[in-house]
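If you look up TrEMBL, you'll see 5-75 marked as domain 'PAS'. Annotated domain 'PAC' per TrEMBL: 78-126, in sequence order. For 316-448, the entry in TrEMBL reads domain 'GGDEF'.
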Amino acid sequence: MNDEARKLPLSLVDLLLDAVLLVDAAGRVVYVNAACERIFGYAPDEIIGRSMIDLVAPEDRDRTLEEARIVMTGQPRIGFENRYVRKDGSLVPIMWSARWSEADQLRIGVARDITERKQAEELQAATYAVSEAAHDAVDLTSLFREIDQIIEKLVPLAGLAVATCTPGTNELTLSYERNLPELPSDMQTTFLKRYCSEAVLNGRPRTLSDDELLATRPGKAAAKADQPYLVMPLIDQKEAVGALILKSRHGAGYSQKDRELLQFVSAQIATAIKRRQLTEKLMQSARYDDLTGLPNRRLLYDRIRSALARSRGRGTRMAVLFIDIDGLKQVNDSLGHATGDKLLTTVAQRLKECLREEDTVARLGGDEFVVLVEDLGTPQHAVAIADKLRSAIGEPVDVDKTALKAAASIGTAVYPEHGVEPEQLLRHADAAMYLDKKAKAGETSWDR
Ligand SMILES: Nc1nc2c(ncn2[C@@H]2O[C@H](COP(=O)(O)OP(=O)(O)OP(=O)(O)O)[C@@H](O)[C@H]2O)c(=O)[nH]1
């Protein structure tokens, strides 16, 4: 140490909030001030004589050695950042100001604990990432995956589950799960009811021990142990959206600081999930029929266009079948609208059951359905499919313990024989359906 430094009253150096360290040419610590203990957790006699690099987080060692080499060439440096492993095993981020004293053959370093700044930066990055994810995620599952990655960067996370509330209720269902095999499906309901609902209703986080988690299995009693799990409620504008179930790394639980960070991002996550749910609902009702859940007219046209492109490319046939339920008005008028609805949903279900997964059953509206079948052998196959559908629709439908018998008129159109555009094929099938209905005119279309 030079004379100036020696003259510096040590009591003054010990008042500094930053740590002061002197390290010799071999990298060993020869002096530390009092702030060192607060920042690194080691008392001076525990750190003096040790190799400085051993205290650096393993991932940061190479660039720290390189930085030390530059300082020792005589270039004073300010602003280098790395992380140290504190005595309790936690990491502390440090910003350095350092220079080499040729006369003393010592590296003089001043270390500033930048934990708070780093946390503020991490929180800002996480908030930004959540809003980006809310915007970019193609669906809820990919949003949950993004949220998982964002939280993993923020706190020590070994596994995550997301439970969401059925809109308008506080009933929770598990919507996402990673590395939480201790939450098997048979205990989900109990777990969600007991712990997640409690956190959501109170609007407060809830820690959980292994034993408490296992106690959701029938016949097991809860006992307090470590608290490796944390349930964070997700609340947007006072409305319950769901809950995050976090499993900490090595079962260590979460510190007060972690919880504060999580509380802040949970609010952003709740808003992101709510927004995505609303978008999905809008997208769903723009493409699907509310009553039957079948594709609507818009989605049907998209599917017919894509199927035509495929059929053209492969040189295969496809069929469009136009189906109109007979006498629905009469059912509504005599048995009530709810019975009419039941008839429509039953028909929708039966049509789907008659067809392959890759075929499309759509509801155009009212009592009109359209079926789209690709890779058709011959035009005659379309007639065979129509017959199969007609028989399925004709099976009795149970309404209020009474069997209601429905019937349908069906017309078919085949690509390329009857048209090469969606409108042409639908017009042809509609006209054929009309002929079918006309042929049956006078017959009773429904019976009980
Ligand atoms: N229950 C119920 N009825 C509906 C729905 N949408 C339309 N309808 C009714 O379905 C009936 C369709 O009338 P029509 O086109 O004359 O059909 P229909 O009585 O089956 O007569 P045909 O088709 O000529 O055999 C109307 O009374 C509509 O009000 C619905 O979602 N649910």
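Each residue, glycine too, has its Cβ placed from N, Cα and C.
For the domain 'PAS' (5-75), the DSSP-based tally of helix, strand and coil residues reads 38 helix, 13 strand, 20 coil. Restricting the average to the domain 'PAS' (5-75) gives a pLDDT of 92. Counting residue by residue with DSSP, the domain 'PAC' (78-126) contains 12 helix, 27 strand, 10 coil. Across the domain 'GGDEF' (316-448), the DSSP tally of helix, strand and coil residues reads 60 helix, 40 strand, 33 coil.
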